[in-house]
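Accompanying notes for the structure given below.
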């Protein structure tokens, strides 16, 4: 069994064969899924490297536990204690290499319509050579001339790409909310229990959102300070209430019969999350107390002195952040989700079946399996045509690379950025997250009113 598996992996690394696991008892995997998983693996590998580069804790641990650390840095000409391989400038250079890698493949795979051509073969295989190319791109960033000028220009390129990635992410969320309601509403036509599921989930989502708002009023407002927090909490809460009423208004339901409260519940919960994230990223405020002196107000409890919790919260927050990035990069390129980048159409497929995990349903039909000797079976689902846009897939990962770069280096507060201080306050991060909440609400309101404004374009 070992020899056939090695041959299969060699064909994957050095040829156009799809990658698969060596264990034959593993579930079948589609070629399109295998390819996207491998690119996601590349992406996460570089992302973890960037996190390590921004962590003084990891740098100190390596210095203490690797006996030849100083000698290795000297051999690599990386400066004293590898100073050129850590910090925000190193992250900029590594992410520049990853962005160049995905941008090249985005251009290389333009208008690829089937998997039989040589460009599709390169996209779906030759993983060893692509891994070497990725390493070369990331290393090449350290040899660019005019480093200071490069970092200055690349910072603004990264900010523009990061903003565009945020917009795509928000459009995906709006499309996800519509698809969820559409899928479960279709189930109610043959099983009324789906109505109960809709009502229960809607109630839970609104309850969590309201609870989150109460929590923020408790911890992020103060009678004598934090007036900006009060304004934004009131504005976002009011906007969420307005879009919820708008979603069930007769004028909207005339053009979108499936519009209900589930979509605004999803949007409201996400807006409350963005609001919380923005307020948590805001610089701390202090007021003068007659008894205690200057005290910190409008912060989460762990920021008031319980520093032992900071690393835990930062670690969990970072993990959630990168999971969301990875989900956005992978899901945005499927045929179903690519509709999110267009104006939403309220058309119900005739064969729509309600599913609890509807978002993971493949766009492809059943295909014949191709046996992989000694390993996992692969379904070559792209023989008749591609099931996702190769070019757009790489473009989203290109934008994701820029978003990771800006997030890990704390956007425009990069000089003293550390991964352990990812959740500490800065005005740039605050305004980015607060603006994201408004953009999300705008996108959802637009999908509600545009069929009413342009009815001729949305007729079945």
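A Cβ is built for glycine as well, from the same backbone N, Cα and C atoms used for every other residue.
Note on Swiss-Prot: of 198-218, 282-302, the range annotated with the feature transmembrane segment is 198-218. Swiss-Prot assigns residue 255 and residue 456 to the same side of the membrane.
As annotated in Swiss-Prot, transmembrane segment covers the listed stretch 312-332 rather than the other ranges in 312-332, 333-353.
Swiss-Prot assigns the feature transmembrane segment to one of the listed ranges (16-36, 37-57), namely 37-57. Cβ neighbours within 10 Å of residue 114 (N-linked glycosylation site), excluding its own Cβ and spanning all shown chains: 11. Residues 209, 213, 216-217, 220-221, 259-261, 263-265, 267-268, 271-272, 275, 278-279, 434, 437-438, 441, 444-445, 448-449, 452 of the same chain sit 6 or more residues outside the transmembrane segment (231-251) yet have a Cβ under 8 Å from a Cβ within it. Counting in whole angstrom, residue 114 (N-linked glycosylation site) lies 29 from residue 183 (N-linked glycosylation site) by their C-alpha atoms.
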